[in-house]
């Protein structure tokens, strides 16, 4: 599918954007004005996407339950019936690795952060709630195995994977909001690479326009499970547009004015 190819291209551009931000941090030996939450949410979101995609590919239990629920769409005797894109798996893995490198810089250059930087309480609460829900659904889904192919409270192992997929999309769709807020609180975008903002916006534009313009004959059950939903890309596009306006127009030339934060 051409749309999947464009998603892969957008992912490749996202990797370039993150590497540009990494280089910017290294050149300035500073992470002043850069959101911790942006790269944390992106890392966790892509990690969950990988977890779900690999289970859809290789978990016989997931494939069996999916086949029992939708036998016409995903027959058990057809190993290729569950649509998963290996290209997108590779993309998510590479993005996760790049985010990890920037997170390492955020720790290494932590002495240069200002008072509003750091992992926010909001992100900690959201990720903690998702972690508890993930552990709870996992425990419910395996409680009756291997005697029964079902879990407590009607939570099958397939539900556990599906819930994590929803959580991953929620984390990914709002990942740029913390950076937008940091820029607003500091009235500056000094810590954000203009190349990162521009290339990221270009990546989301290509992906979004590809879905809107290019016709597709794929039926709903043929769309790869690890393909990012349209509504996630739309929210990312809007928030990136705001950040790009902050970088290019609203806070252009503004100098940093906030004091350094605590280590």
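Cβ from N, Cα, C; glycine included.
Annotated in Swiss-Prot:
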| type | residues | note |
| --- | --- | --- |
| TRANSMEM | 1-21 | transmembrane segment |
| TRANSMEM | 38-58 | transmembrane segment |
| TRANSMEM | 82-102 | transmembrane segment |
| TRANSMEM | 118-138 | transmembrane segment |
| TRANSMEM | 151-171 | transmembrane segment |
| TRANSMEM | 196-216 | transmembrane segment |
| TRANSMEM | 230-250 | transmembrane segment |
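Within the chain, the transmembrane segment (82-102) has long-range Cβ neighbours (under 8 A, six or more residues past its boundaries) at 4-5, 7-8, 11-12, 14-15, 18-19, 21-22, 25, 39-40, 42-43, 46-47, 49-50, 53-54, 56-57, 63, 66, 74, 221-227. Counting only same-chain residues 6+ beyond the ends of the transmembrane segment (1-21), those with a CB under 8 A from a CB of the stretch are 34, 39, 85, 87-88, 91-92, 94-95, 98-99, 101-102, 192-193, 195-196, 199-200, 202-204, 206-207, 210-211, 214, 216, 218, 224, 227-228.
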